[in-house]
Amino acid sequence: MVRRSAGQLLLGLLAAGPLAGGGAAVAAEVSGADLQRSARLAYFGGFDRNADGRVDVEEYLDYLRAGFDHLDRNGNGRIDDDELPAGARRSVSRERRGHEQAVRRAFHRLDTDGNGWLDIRELTSPPR
Ligand SMILES: [Ca+2]
Ligand SMILES: [Ca+2]
């Protein structure tokens, strides 16, 4: 069993959300380097809303905020116990504010060349 970072697990969970556009199948395959190219493109496209071929921190935040909102079914800004997917207890930042900070940290970890954008390789690479 591959150990996944919190960020990776979160992405897998959130990619199953409504914005993924057929992303449920993609999410099931989100495991980093072994993603098929078409799945990687679909996954990347879910983030890259303006389709400029790169994902900036706002696009990344928007996507994962939508995922947070999807999990936060009662809209109270918290992911409560009964809203957490099974197996995610320690992996999802459950307060909106903490979630956004975690997402920003995840973004900067993925941005391995430090240029402020994620390309498809960075976005789909395994967590370090
Ligand atoms: Ca973009
Ligand atoms: Ca980059």
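Just so you know, glycine gets a Cβ as well, placed from its N, Cα and C.
TrEMBL labels come from automatic prediction, so no person has curated them.
TrEMBL has this to say about the protein:
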type	residues	note
DOMAIN	59-94	domain 'EF-hand'
DOMAIN	98-128	domain 'EF-hand'
REGION	75-100	region 'Disordered'
SIGNAL	1-27	signal peptide
### Task
Pull the DSSP breakdown for the region 'Disordered' (75-100) and write it out as helix, strand, coil residue counts.
8 helix, 2 strand, 16 coil
### Query
Taking all residues of the domain 'EF-hand' (98-128) together, what is their mean pLDDT?
92
